[in-house]
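Colleague: Dropping a structure here in structure tokens format, bear with me for questions.
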């Protein structure tokens, strides 16, 4: 029995589960609609307040009507029982030859016959009469009519010589339901004769029910009308607000010619005028900023192109002098080396400015091919590895054992990695720099982690700004121009990828490049975490398959590097 009871309990829980979930979902949907819809809140509050007022008024009016109907009934019943008492006294005091029971029955029949509408009697309506003489000692009580329907409390008042009335539910041969029972003692030769009249309240109850139904129907119709009125009134406010919201969204999307329609001279019209004035002012400012931006980009592009021709001439002359520097005295030889070095930096700056101008103008294009990104990482390490060797910084490389094929512009991705590794070397403080790669089904990520000075709060975004430097006094070992990370983040966006930064003061920094494996796909997640998991960082064996930079990287270095990377 216990087990059966448990099974039944589990069954009830199982059946109530979907209903509970459905109610929960419905409540959440209603809550969302309540928060998001001003019109719904206005209509609901209007209906709620109107319902409260209608209920209060309905209760008051129903009470007033009920009391009025019953008061009329009571007054008519009092008049009726006064006449009935006179009639009973005349019959009982008439012939002495009749027995008491016969006299009581005759009086009852006479009273009930007067309720016939054709006789013009019965002002309070139809009624039934009860006559009773209580028993005294051995003498039994004499009654006429349904004496058992008279409440004992009412009989107590009448025995005390008082006229009284009471509402009660009765069941007689001709009527069953609520009734008004009124009683009074009579003045006759028969001592303690009591007279009671039972007035059914069927007609009064029907009248009150009709009034209540009419008021309920009227209240329901009034609620519907109020809901429609509230809906129309709130619509006059909500529609312009929604229109302003839609126009503001389109304005934010770049449709600067969008304006709100102005109708009339009310508050909404003034709101539309103010909104249009604001939109016009913003449009002018945006147009001015676009014009200034175009002028700036055109100036940068023109200056870069104009400087390239004389720079090429100077470069040829400098290379010629540098090739014969062995024939010069030491002072001139040193000057020649400095000139060539600064020309390298100047040429890199011009290349970066041209690249930035192409990104700003929106003409930068990808030369996509399917490549193994491990090779791209190795090429980047080969170009900047000598910087780590000169600074005494160990490069720890962790690459997958399998190929990582991605559809990318290998030149741009390699430039991103060169910039990230060179930037890490500049800020590593003679501590190792770790390069990791991982891939999943859709994306590939490369992180470059250093354990140097790190980044202060808020610098994760500033680090990608043009010419921004966290510490202007720090010397760049890589000789960068300050545009490398700005170009890198644009190259990442061109691939529909992400370039992100994290850092803490004294803990170092981590830059993460995430790219889609297939061109056109968007990056939603990254296979590598941004914030590194705490672990020993000074030991190369702390990561699986860590390895220093291979020796062949050193053989690939040239005396003078003309790569496109910058710090």
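Glycine is no exception: its Cβ is also placed from the backbone N, Cα and C atoms.
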Colleague: In Swiss-Prot, one of 213-233, 234-254, 255-275 is tagged transmembrane segment. Which stretch would that be?
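Modeller: My reading of Swiss-Prot: the transmembrane segment range is 213-233.
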Colleague: Among 42-62, 63-83, find the range that Swiss-Prot records as transmembrane segment.
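Modeller: Feature transmembrane segment in Swiss-Prot: residues 42-62.
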Colleague: Could you tell me how many residues in the domain 'HAMP' (235-287) are helical, how many are strand and how many are coil under DSSP?
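Modeller: Helix/strand/coil tally for the domain 'HAMP' (235-287): 39 helix, 0 strand, 14 coil.
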Colleague: Quick one: what's DSSP say for residue 305 (phosphohistidine), helix, strand or coil?
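Modeller: Reduced to three states, the DSSP call for residue 305 (phosphohistidine) is helix.
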Colleague: Non-local Cβ contacts of residue 305 (phosphohistidine) (under 8 Å, 6 or more apart, same chain)?
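Modeller: In sequence order, 354 meet the Cβ cut-off.
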Colleague: Kindly state the mean pLDDT of the domain 'Histidine kinase' (302-519) in the predicted structure.
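Modeller: The average pLDDT of the model in the domain 'Histidine kinase' (302-519) works out to 85.
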